[in-house]
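**Q** Sharing a structure, written as structure tokens. Questions coming.
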Amino acid sequence: MPENSSIPNCCEASGLAARPSWSGSAGARPPVTARAPWVAPMLSTVVVVTTAVDFVGNLLVILSVLRNRKLRNAGNLFVVSLALADLVIALYPYPLILVAIIRDGWVLGEAHCKASAFVMGLSVIGSVFNITAIAINRYCCICHSTTYHRVCSHWYTPIYISLVWLLTLVALVPNFFVGSLEYDPRIYSCTFIQTASTQYTAAVVAIHFLLPMAVVSFCYLRIWVLVLQARRKAKATRKLRLRPSDLRSFLTMFAVFVVFAICWAPLNCIGLAVAINPEAMALQVPEGLFVTSYFLAYFNSCLNAIVYGLLNQNFRREYKRILLAIWNTRRCIQHASKHCLTEERQGPTPPAARATVPVKEGAL
């Protein structure tokens, strides 16, 4: 089948999915397998549910922090930054993936393909770096509380968040030189192609996943040690005194980290295995396992808001307030619309009906 010359290594002229150009590993092309008819509807359902929960959930997180004074602190500014990283993926790449599933291939052109892959990478790496920054922030807050308020105030936190996103952009630049952002028909997505450069894939897994996870693990391990020390002593010293709000925030963000690691570990393990031995592993990885690991990673973007609601009472209460306010506004609009429609159907009240009926003498 001839490829569309205007969209090299992206999609075919007929609109059906074409295999990406596995540059650097010509012999490591995964086998083409026929798919069961239920696969596309199932993946469509996953994308639709993930997009809806991602959009609504992360919007609730952002509004909750902006509305609630108890949540409006320096630490939760990182939470807003993480929510934005998850939200952006629901606004652009996910709808394009849904179109590719429905059309059974990429039909939106090379520009959208590259842009979608870039935004996808921006969201993923931004999430990793924000989770790392949150862990460092919690570590400084709990383990070094005396210096925390000086180095993590409302004035410095926006600078740290800007640095996180600057590092995210810098981390994405090499993709344009390696040529690793292409369409992969197995997952109906324009994304990072693991076999484009085995050395670069190994570096990506190490720098964008293993190293941040090691830093986060160290920070949370130190916090756990401090928490256990504080609980073992009947009267904790000033150094070990923990506020309930700090402990609750730590547990919430630790759960976010665990969920992220579980969702992204399978895909990164596959990437590392392919980078170590591309000729053998690229052929041995089952397509079902690869697709499942990718969509599990996608699904992570909608889980953080759920974790906040389950583990943090302030977020849960603010969710209810926002949803209740939206519901009441909707009911008021519906009531006003029904009232207007009733008046239009009945027509204007005649003057005689509006006139005051005179009271007869002796009626009282």
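Cβ atoms are placed via backbone N, Cα and C, with glycine included.
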**Q** Can you tell which of Cys113, Cys269, Cys302 Swiss-Prot lists as bonded to Cys190 through a disulfide?
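**A** Swiss-Prot says the disulfide from Cys190 goes to Cys113.
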**Q** Kindly tell me whether the record in Swiss-Prot places Arg72 on the same side of the membrane as Glu287.
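**A** Each on a different face of the membrane, per the record.
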**Q** Counting a contact as 3 or more Cβ pairs under 8 Å, with residues at least 6 apart in sequence, do the transmembrane segment (156-176) and the transmembrane segment (77-97) touch?
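**A** Contact confirmed: at least 3 Cβ pairs fall under 8 Å.
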**Q** Do any residues, 6 or more residues outside the transmembrane segment (288-308), come within under 8 Å Cβ-to-Cβ of it, and if so which ones?
**A** 30, 43, 46-47, 49-51, 53-54, 56-58, 60-61, 64, 79, 82-83, 86, 89-90, 94, 123-124, 127, 186-187, 189, 191, 252, 255-256, 259-260, 263-264, 266-267, 270, 315-316
**Q** In the predicted model, what is the mean pLDDT computed over the topological domain 'Extracellular' (177-200)?
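**A** A mean pLDDT of 86 is what the predicted model shows over the topological domain 'Extracellular' (177-200).
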